[in-house]
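Take a look at the structure below.
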Amino acid sequence: MNHKHYFLVGIGGVGMQGLARLLLSRGHRVSGSDMQDFGSRPEMEKMGIQVTVGHRADNIDETVDEVIYSVAIPSTNPEIMEAKKRNLPILRRLELVGEIMRNKIGVAVSGTHGKTTTTKMLDLILTEAKLDPTVLIGAEVKKLSANLTIGQGDIMVVEGCEYGRSFLDLKPKIAVITNIEADHLDYYKDIEDIKSAFTQFAKLVPHKAGLIVANGDDTNVRDALCGIGRKIVWAGVGDSNDIRATDLKFEDGRLYFCISGERMHLHVPGRHHVSDAVLAWATAKELGVDDKTIIKGLHKFRGVERRFELLGETNGVSFIDDYAHHPTEISATLEGMKQYFKGRRLLVVFHPHQFCRTRLLLNSFAQSFKDADLVVVAPIYAVRDSKKDRESISAQDLVDEINKVSSNARFVGDFEKIKELMLTEIKPGDVVVTLGAGQANVFGKELFDEMNSPTTS
């Protein structure tokens, strides 16, 4: 193997950290930079990955062979500009992953929601089947340590994000599509533009030897795959699917269901996780895994970080954090929590993510908090928002819309004041839920620590 020195711009991102470790395992030298420090930096440096905090042209020294960047990195980045000046190869993250995937039985998991969960479920199933897969996941995973499984087998599973059409850099033999909804509307024009990107993604699959495993309950997915000319296995809950979950029943805090006559349950609540499980099941079957092994793998799934994550319990109060930041995710998450914590109040702290997303999906956001007893909304977290975006909507506008539906929302201007409010609102038996892709999880941990301290309790 021709060993190289790869420099990763934005190495602190979860997907980039996984790629860094994958490259290291293949004998390459790896270094990189990030705008800010991150928690796993010391661990990466112990592995031999040199990390620099801050982007500077002189980080690209004479030993660097290739520069890799994520879709979030602008072309004006000084390291990218230096690499161009020196005529070094510059690749997007998934572009390099696609090249590695080319020589494997590549499985690319895509979709607006459920990508990480479905990818991790597949990881557990294929590992249980002793197929020794390589798996690259886009979020931290509980217990089984990280977002990367390094295997020596023929199968490689990768989570592919649609933002910036970056998933079109992959080279899958099997494409999994969990669902398609309006999101990333700062990049895509509309839902038709998004569906078009997924159509292009599906066409990456080889005509004869390839396969698409898709959510047959999602009309946007069916639209995107209409006339695609590839073999499709439809998976979901509805009657029209080839592989489906049936007999869904919520008993004793667990959601039971049947697939192919096998009754089972997951250790995480929510009907949306059943959809992910059926897709993982259908994909594993196509890879030759038997039903009993699939069930064993799914039973080992304990969730992923920031998805229905229990931060702690104190004085009869449960603290849960979830990454949900799109209306559909919020609605599904709160519905699952309402079932799981039957009869208990749900007190939600929501940190909206992006002015653009909040404005374009405002009506859907308003409908998504119906299962919450209280919604406290923090100021909107700006990401890739223009000045026009930031002036187009406020968190108070969102609160006003929620209150037209539920009359249970309040806007509070900073997290310190939110903490003061929550400490007066919380009662024994309540469930406190922090939601959003911004800093909600950090706040949730701080609030739990405050409630759990001897002076408070």
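One-based numbering along the chain as shown.
Positions of Cβ are set from backbone N, Cα and C atoms, glycine also.
Per TrEMBL, the features are:
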type	residues	note
BINDING	G111, T112, H113, G114, K115, T116, T117	ATP binding site
DOMAIN	8-104	domain 'Mur ligase N-terminal catalytic'
DOMAIN	109-283	domain 'Mur ligase central'
DOMAIN	306-438	domain 'Mur ligase C-terminal'
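Annotation note: K115 (ATP binding site) sits in a helical segment as assigned by DSSP. Mapped onto DSSP classes, the domain 'Mur ligase C-terminal' (306-438) shows 54 helix, 31 strand, 48 coil. Cβ-based neighbour count (10 Å, all protein chains) for K115 (ATP binding site) stands at 26. Of all the binding-site residues listed here (T112, T116), it is T112 whose C-beta has the fewest other C-beta atoms within 10 angstroms. Sequence-distant contacts of G111 (ATP binding site), defined as residues of its own chain at least six apart whose C-beta falls under 8 angstroms from its C-beta, comprise T118, E162, V176, I177, T178, N179, I180, N215. According to DSSP, the secondary structure content of the domain 'Mur ligase N-terminal catalytic' (8-104) in residues is 39 helix, 19 strand, 39 coil.
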